[in-house]
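Peer 1: Below is one structure. I have some questions about it.
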Amino acid sequence: MGRCRPIARPAAARVGKARGRGLGSRGSSAMAAEKPVVAVTCTAPVNIAVIKYWGKRDEKLILPINSSLSVTLHQDQLKTTTTAAISRDFTEDRIWLNGREEDIGQPRLQACLKEIRRLACKRRSGSPEDPLPLSHSCKVHIASENNFPTAAGLASSAAGYACLAYTLARVYGVESDLSEVARRGSGSACRSLYGGFVEWQMGERADGKDSIARQVAPESHWPELRVLILVVSAGKKLTGSTVGMQTSVETSPLLRFRAEAVVPARMVEMARCVRERDFQAFGRLTMQDSNQFHATCLDTFPPISYLNDTSRRIIHLVHRFNALHGHTKAGWPARVGSVSLRFIRLRGPTGSELWCLVTLNAWFQVAYTFDAGPNAVIFTLDETVAEFVAAVRHSFPPESNGDKFLQGLPVEPALLSDELKAVLGVDPAPGGIKYIIATQVGPGPQVLDDPGARLLGPDGLPKPAA
């Protein structure tokens, strides 16, 4: 195997060892130049699936039983940051997650590392004249951190493995498609390699070479679309996604029916909704697919329940909010014809009853989706954000963090009408929602050139906490 030397490319930063730091009597600038650390720092986004992925046809290669489609969230609010450094001084691979050293031997981490090194070796052997004197034998140190709750159903593994694959590719000089690398860590991670709206094609080949992610539309395609993350719990979920999927595949007949008979048509329709910016159809389909995903979890044996009471209250809040706006849009008297009508009875906060006319193709102002966790992701348009946030505050008053309850994009305060308060019709649940993150559709992974953004110091070890 050859020796590692600095990569002569802008994305990789050369970090010489500091004079006198762990070098003994040889702590000189000459020594630093002789044994450099090559480091790259990148960020990657969270993605939220609107057509869900649940279940694998191949556990080792992480090949899904159905295709999926997601929305990439903006990294100004949610992101993973990863620094990878290689040096011939390093005697072993090491990784730190959120400041804590973890087992680098974890199978999925090893799968990503081995695939990146294989691609690096292939690129080197395939180009005898390649000027980059880089060897895949170099050991790597990796530090990664999230600015959002980990393992709480907010797609932390997707952002984490996408960032890992993207950063390793740059530090090892790999330029090929990274869908397979990221997917080997976490299936949905391949969708976080792109911004905007992204499809993960399930593929048909046994080797998974056609199971890749592709962008359906860029982040600039739907500028009015907004996303609100209602954080119900920042704790780790009781049933991890990997175990949950395996159990569902083994025991849920509904899951197989969903994958074969439902999802293909939904993928086509959701792509159309995105292309045409059709929020009405987008909202309905997003909620329906979320509901069906959680129905398959309940159909699993033993059943899996990722939602809690607050999650279900949020679902009711969304439907009541939409019911009022659907009633307003329908008007009175409503036009009959091809439109199906019905009355719904809503209970007010004092026990009074309010009857609302809604259409079965109701006017959707907001839409919910839940991944494998209790936290809600709300899609809406910019003009509706302020009123819905006010409705959330009304239904789930902050207990003690009123000034930090709303994070992310600024949202103007709004007053709720008496009519909407009556329609919401539930007793407030203080503290049910810990905080809200307001964000929007965002870009894919980014390289950070600022040396101050690195998570590893010149010695290849995590920087001390500030």
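Don't overthink the numbers, they just go from 1 along the chain as shown.
Placed from the backbone N, Cα and C atoms, the Cβ positions cover glycine too.
Grabbed the feature section from TrEMBL, which reads as follows:
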REGION    1-28  region 'Disordered'
COMPBIAS  1-15  compositional bias 'Low complexity'
DOMAIN    44-213  domain 'Diphosphomevalonate decarboxylase-like N-terminal'
DOMAIN    227-330  domain 'Mvd1 C-terminal'
DOMAIN    364-448  domain 'Mvd1 C-terminal'
Peer 1: Mind looking up the mean pLDDT for the domain 'Mvd1 C-terminal' (364-448) in the predicted model?
Peer 2: 94
Peer 1: Is it possible to list how many residues within the domain 'Mvd1 C-terminal' (364-448) are helical, extended or coil according to DSSP?
Peer 2: 21 helix, 24 strand, 40 coil
Peer 1: In the domain 'Mvd1 C-terminal' (227-330), how many residues does DSSP put in helix, strand and coil?
Peer 2: 78 helix, 5 strand, 21 coil
